[in-house]
């Protein structure tokens with residue numbers, strides 16, 4: 001894992017530190033052959049490969065062993081924060097001696113600035129920044145610039161604009177014991193690095209002064225650096241716990257990076273301001289020629305204010321909109337992103353590529369359409385367009401070697417890969433579920449019989465419907481029939497989701513009904529039956545990819561079965577069934593040849609297969625408190641769970657718990673203190 005909590009000295013070791021997987025088991029099933037094929041492919045010069053791995057085949061472990069084989073810095077891109085956090089935890093466990101970092105959007109809440117011409121309404125940018133995720137982003141870029149053994153797990157934030165890495169390097173501040181430097185000179189240099197002086201609230205990105213002692217809290221670190229002066233000489237440097245004040249170690253040297261990714265040297269800043277002022281004059285003239293004096297005044301006031309802030313502090317709110325001026329780029333060129341912090345040779349792993357690639361492809365156009373209105377109405381200069389995500393073509397150009405990972409890779413991955421490596425046989429020797437087609441006529445009554453059979457065997461059932469109304473009606477019908485059933489819908493928050501999954505695993509409920517049950521966290525060993533209603537209806541929820549993914553929910557149980565309710569066999573059904581049967585035959589033949597007997601995966605009920613799965617979400621009553629005392633007791637329990645969730649990087653879960661705490665405090669008029677507004681940051685172990 002990352003050692004940014006370790007010594008603050010330059011991180012690059014004298015001897016290259018190799019990637020080394022520390023797993024409690026060896027590759028098994030199809031893993032050894034897949035690892036060899038993929039590693040050999042990259043050594044032979046293949047740029048793009050696909051790992052087609054069925055659910056439960058250990059794709060993450062295979063990727064880890066490939067990284068160990070090819071020894072290259074690696075970027076892993078997931079399609080949402082939750083999945084990214086899950087992968088981050090897994091890679092941290094597999095690479096305990098290497099730098100495993102996490103890079104996602106640092107906004108708990110984000111409303112980008114926008115202008116609605118029809119109603120002449122300007123919506124200002126509104127955001128809530130998660131300080132801990134901000135720290136992790138800085139930790140990621142620092143690791144990439146100071147060491148070679150780095151794995152960064154990211155969301156699509158990886159393709160959004162970031163500061164010029166050359167500025168980030170050039171502005172680094174090196175300190176050594178015995179170095180002659182005036183204390184006030186060092187304070188000025190810290191301000192240039194966008195650190196703020198705060199002698200009271202000592203947080204990341206700040207420093208404080210006490211006589212001849214200076215304490216700096218790096219933006220990316222878990223510990224602070226105490227610098228003790230003797231006259232104009234650095235006498236001693238210590239790494240200290242900022243909360244406890246405990247000295248962790250004595251440091252001979254330290255390397256400090258800027259507190260902002262958009263930090264810029266003074267000379268470059270002045271050149272940027274000159275460019276901005278020149279463009280501003282041109283834009284004012286443009287609006288005046290159009291007779292749009294409101295827009296002319298608006299762009300002048302807003303831009304002038306930003307310029308004054310940059311001149312005074314080297315920074316302004318929304319500085320990213322001037323990023324093209326702050327770097328040596330021309331308008332229209334690709335922005336600097338996280339990818340530019342990687343060396344020339346690195347591996348990009350696109351996880352769940354069938355979902356992640358379309359997401360990457362769609363980012364550019366969505367950003368452009370929003371900014372067009374802002375620029376045309378005088379809220380931003382035209383160079384705001386250059387603060388953007390990469391186009392898909394730019395993303396491909398910036399990535400060196402790529403590995404697409406999915407149980408159902410799309411046509412793009414197949415067409416653009418030098419080879420597709422299949423991982424069909426699971427290390428657990430479980431086979432894909434048997435598939436049966438049943439008539440849609442009388443499907444509810446038939447389903448009820450199947451549910452009764454599974455309940456008698458102490459097994460669980462997942463049911464997926466096409467519409468919200470149908471899911472609600474089915475849930476009500478099953479309840480009236482005496483079934484312990486719950487309904488998971490799109491408004492189910494993360495905390496409720498954890499509770500539902502845990503209840504299903506414990507047997508408090510036997511059936512879970514939903515519309516789209518593909519989200520991560522539903523690989524539940526107790527589920528032996530997946531029922532897909534109206535399976536022959538064409539559409540996204542009944543496409544070949546979705547059907548194969550949904551069928552895979554029953555692949556963790558030795559008795560796994562899938563029933564498709566349909567009156568006709570659609571093309572998607574036919575393809576999905578054929579693929580599942582093909583995989584099942586391969587798995588059964590392998591088990592027969594090697595004498596393996598599959599068994600259901602055993603997993604502690606406290607886990608939910610979500611990031612930080614050691615967090616137990618049960619035990620907190622979701623019922624309303626009857627009085628203030630009970631509310632206080634519930635809040636104490638919730639606060640403990642909120643901290644646990646944040647420690648495990650389950651930020652969405654922590655935010656949901658925070659919202660429940662707020663509701664209880666408001667309902668009973670309880671004092672929330674100063675820390676009720678934010679999700680707590682993970683503790684030192686992080």
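Positions of Cβ are set from backbone N, Cα and C atoms, glycine also.
Summarising the annotation, Swiss-Prot assigns ATP binding site to 53, 54, 55, 56, 57, 58, 59, 60. Taking the Cβ of residue 56 (ATP binding site) as centre and 10 Å as the limit, one finds 19 other Cβ atoms among all the protein chains shown.
The annotation compositional bias 'Polar residues' is assigned in Swiss-Prot to 610-624.
The compositional bias 'Acidic residues' annotation in Swiss-Prot covers 668-677.
What Swiss-Prot records for 40-422 is domain 'Helicase ATP-binding', and it gives sequence analysis as the kind of evidence.
Annotation comment: Swiss-Prot describes 443-606 as domain 'Helicase C-terminal'.
Note on the domain 'UVR' (632-667): mean pLDDT across this stretch is 76. Summarising the annotation, Swiss-Prot assigns domain 'UVR' to 632-667 and lists sequence analysis as the type of evidence.
Per Swiss-Prot, the feature region 'Disordered' maps to 607-631 (among others).
As annotated by Swiss-Prot, region 'Disordered' applies to 666-686 (among others).
If you look up Swiss-Prot, you'll see 106-129 marked as motif 'Beta-hairpin'.
There are 23 other Cβ atoms within 10 Å of the Cβ belonging to residue 58 (ATP binding site).
Taking a C-beta cut-off of under 8 Å and a sequence gap of six or more, residue 60 (ATP binding site) has these contacts in its own chain: 87, 90, 91, 94. Residue counts for the domain 'UVR' (632-667) under DSSP (helix as H, G, I; strand as E, B; rest coil) come to 33 helix, 0 strand, 3 coil.
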